[in-house]
Amino acid sequence: MSILTAENLAKSYKSRKVVSDVSLTVNSNEIVGLLGPNGAGKTTTFYMVVGLVRQDQGKIVIDGEDISLLPMHNRAQRGIGYLPQEASIFRRLTVYENLMAVLEIRKDLTPQQRREKADELIEEFNISHIRDNLGQALSGGERRRVEIARALAANPKFILLDEPFAGVDPISVSDIKKIITDLRNRGLGVLITDHNVRETLDVCERAYIVGAGKIIATGTPEQVMNDEQVKRVYLGEQFKL
């Protein structure tokens, strides 16, 4: 089993402390939510784990290795996959070419194995019918499926999803949830941050709630929903799944 941990993270911008002493853990085979009100520090925390923002204090560790100083591409080699909020698909490449663009970097695979892996992912994600479509021609839900399939092409241990429900048609939300659950069932650890609180809590097994730069609650969705401080600063009294 693999473990991804963030330990005592802190980040300031000039004199403003955005994140203070935040720690979290994601294990293989689980879905974890990182949530909180706007300006609470959740996105900065998420970006520190991804490698987009350098922490002032604390460290990021994967399977006992400190990766805090590694750039994103080296973190990817250690097993961290990342799906950004904005469209990351190569718009002028077909779906198949998008997958092969990542698989070509896999030195552990032969050319034949790369082609076979692309075919497997296309079948698994039910995107055979758009295999030869350009990225720019895909719907929001199709694009998300291709982007997640492409992230898996790198064979990650963990996948970090930034706003996976953003820009997705309501009819596709259940598809995205199923894909996220399938990622967990493959043995991956999944960390999600999203403004769509209801959908995120519905799919995750544990959640961390960030408030004013600190973790104010952690536990199952039911536990954090019933936390009085979380109700007061984030969810309100009437929130239900």
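Note that Cβ sites are derived from N, Cα and C of the backbone, with glycine treated the same way.
Per Swiss-Prot, domain 'ABC transporter' is recorded for 4-237, and the stated evidence type is sequence analysis. Here the domain 'ABC transporter' (4-237) returns a mean pLDDT of 94 for the predicted model.
Per Swiss-Prot, ATP binding site is recorded for GLY36, PRO37, ASN38, GLY39, ALA40, GLY41, LYS42, THR43, and the stated evidence type is sequence analysis. Of all the Cβ atoms in the protein chains shown, 28 others lie within 10 Å of the Cβ of GLY36 (ATP binding site).
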Among ASN38, THR43, the one of these binding-site residues whose Cβ has the fewest neighbouring Cβ atoms within 10 Å: ASN38
Residue with minimal Cβ packing [other Cβ atoms within 10 Å] among the binding-site residues PRO37, GLY39, ALA40, GLY41: GLY39
